[in-house]
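Student: Supplied in structure tokens, the structure appears directly below.
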């Protein structure tokens, strides 16, 4: 890696209640446990990870806006905002930062109202159903994505394929 990558991890409403909230769906780990595990993995991968959680949509939107020009990738578990927030979608589109949508549960195997996401079609990927491992998988995939992008020139061609004159 030739660049120090900065990844922003965002968590939406009610995820602060993990550990006690419906453990049959979400497991027994707290959000802090998940953030700690993900932060450890980020250190192993040599990337900077920042974390922010809010139950307020506008605070998440502000954090996304503040990330422009400072963050290379966003990992977001929008929680219930997945199914309701056009504003969150517009915020992500406005900063043009690549991102993965993360969910602890498989939202497509749950109640029908959870099957729709306002973010999935604009995300670089969606990782769901692996509980806390969803975060680790998303982080690893984000780092691979950033390394691949870094290895491309402005035309999207691998830099290593260029003829040296």
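Just so you know, glycine gets a Cβ as well, placed from its N, Cα and C.
The model shown is predicted, which means the values in this text are computed figures rather than measured ones.
Marked as active site, proton acceptor by TrEMBL: 26. The active site, proton donor annotation in TrEMBL covers 103. Per TrEMBL, the feature substrate binding site maps to 77, 83, 90, 104, 105, 114. Among the features that TrEMBL reports, site 'Transition state stabilizer' is placed at 21.
How about a rundown of where these features are and what they're close to?
Tutor: For residue 26 (active site, proton acceptor), the count of additional Cβ atoms within 10 Å of its Cβ stands at 21 [all protein chains shown]. Residue 26 (active site, proton acceptor) falls within a helix when secondary structure is assigned with DSSP.
Sequence-distant neighbours of residue 103 (active site, proton donor) (same chain, six or more apart, CB under 8 Å from its CB) are 77, 82, 126, 127, 128, 129, 134, listed in sequence order.
Classification of residue 77 (substrate binding site) by DSSP places it within a strand.
Secondary structure at residue 21 (site 'Transition state stabilizer'), as computed by DSSP, is coil. Note: residue 21 (site 'Transition state stabilizer') has non-local neighbours 14, i.e. same-chain residues 6+ apart with C-beta under 8 A of its own C-beta.
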Student: If I restrict to non-local contacts, at least six residues apart, and a C-beta distance under 8 angstroms, what lies near residue 105 (substrate binding site) in its own chain?
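Tutor: For residue 105 (substrate binding site), the qualifying residues are 25, 26, 128, 129, 131.
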Student: In sequence order, what residues of the same chain, 6+ apart, have a Cβ less than 8 Å from the Cβ of residue 114 (substrate binding site)?
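Tutor: Non-local contacts for residue 114 (substrate binding site): 82, 83, 107, 108.
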